[in-house]
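As recorded in TrEMBL:
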DOMAIN    90-245  domain 'Sodium/calcium exchanger membrane region'
DOMAIN    283-422  domain 'Sodium/calcium exchanger membrane region'
TRANSMEM  152-177  transmembrane segment
TRANSMEM  189-212  transmembrane segment
TRANSMEM  224-243  transmembrane segment
TRANSMEM  282-300  transmembrane segment
TRANSMEM  312-339  transmembrane segment
TRANSMEM  345-370  transmembrane segment
TRANSMEM  382-400  transmembrane segment
TRANSMEM  406-426  transmembrane segment
Amino acid sequence: MGSLEDRSMQDLHDECLHSPETDARKNQTTYSNEPLPFSDGRLPAGCNNMIGHGVYRSIKTVVFSNKLNLLMPFGPLAILVHKLTAHNGWVFSLSLLGITPLAERLGYATEQLAFYTGPTIGGLLNATFGNATELIISIYALKSGMTRVVQLSLLGSILSNMLLVLGCAFFCGGLVYHRKEQVFNKATAIVNSGLLLMAVMGLLFPAVLHYTHTERQYGKSELSLSRFSSCVMLVAYAAYLVFQLKGQNDLYAPINEENLDDDDDDDDDDDEAPEISKWESGIWLVILTAWISILSDYLVDTIQGASEAWDVSIAFISVILLPIIGNAAEHASAIMFAMKDKLDISLGVAIGSSTQISMFGIPFCVVIGWIMGQEMDLNFQLFETATLFITVIVVAFFLQEGTSNYFKGLMLILAYLIVAASFFAHEDPTSANEKKQP
């Protein structure tokens, strides 16, 4: 893929060398000792036009090529409302809407950069930036001491991906291909289900230790166990990346890959051509990450005020509202691939993202909190841990056959509605204790 960038740089160089200014100077000074065209430190007008055109094309491709980017103005509007008023509910809503297109564009820039880095580094980039929005919000919440918001938002992202995103993908794909059952790679689904069960085990033992009052050192054993388990989970996820990217490439190939004909391969190659260069992708990653960080600061600062203004619990906002908006881009892409009968990609978006958050995102936040001096642990409380455990078991049963249809998708969507209603009726004990304090 790097040849594309090389050709574009060669064209730029040729354009600069054959600009009208250089041609005129060459005709007038064939045997003179006049300085070369670039000796004065200035680029010819044609070269400047080429650079300007490249910047315009990059902005047009990244900013104006997606209808979801119409929500981008809500970000600056949130900052303006925060400066002019004290209405936390509006600031929270506008910040949430403003982050949505930025999260989608961040994933786009990561995919573009992965074209130039190869599959191994590309996989690591997707693992790092795939859930960057959730991690940035979590880090700002940790910085503010809101460890409970971090726990609930990460839990909600897992539940949303496993039930709502995957359910909608199965449902829409099943409606389009209602005359047959869609198939996906069962081996990938089984490995991801095993990792999710391992994550549940990591969250379950600190909660059981807390509620059975069997800690050897009260208040310390639970935190120490959480930090040790987080380190083990990070090692397990790193091993999973190596195993997936290097060890078992044939095993994890898409199920219908070998059935594609030459024409389909040519079409896929055309579809997978990069749209922006390597350096453009890196610059956009920095810009989008910085902008998401700014809006995440406003989002975290106003979540408590939004809860009071709307008379909705922080648990419901963190588990249901934040993930639905934050996963909007993943939601749309999973449905799109399912409707194209590419369920392996849809599964990678939904279940793969849940695996990243559970085995990387949550342990990473525990370690970052450890560094910051914040006592974040893996005790997500009994209600939340039980919800995650039941969800993983239900989804694992739906994936064990390696097939999907619209009925399975409908069941997953209805299951998510039950979870959402449960958290709407649930009062988080931590929040309740804070309200009782003067």
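Cβ coordinates are placed from backbone N, Cα and C, and glycine is handled just like the others.
Automatic, uncurated: that is what TrEMBL annotation is.
Quantities reported herein were computed from a predicted structural model and do not represent experimental measurements.
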Per DSSP, the domain 'Sodium/calcium exchanger membrane region' (283-422) contains 118 helix, 2 strand, 20 coil
Against which stretches of its own chain does the transmembrane segment (382-400) lie, if we need a Cβ under 8 Å and a gap of at least six residues from its ends? 151-152, 155, 158-159, 162-163, 166, 186, 189-190, 193, 196-197, 200, 203-204, 207, 211, 319, 347, 351, 408, 411-412, 415, 419, 422, 426
Quick tally over 189-212, 224-243, 312-339, 345-370 of CB pairs under 8 Å to the transmembrane segment (152-177) gives the top stretch as 312-339
Counting only residues at least 6 beyond its ends, the same-chain positions whose CB falls under 8 A of a CB in the transmembrane segment (189-212) are 162, 221-222, 225-226, 229-230, 232-233, 236-237, 240, 244, 347, 351-352, 354-355, 358-359, 362-363, 377-382, 385, 388-389, 392, 395-396, 399-400, 402
Give me the stretch from 224-243, 312-339, 345-370 with the greatest number of Cβ pairs under 8 Å to the transmembrane segment (406-426). 312-339
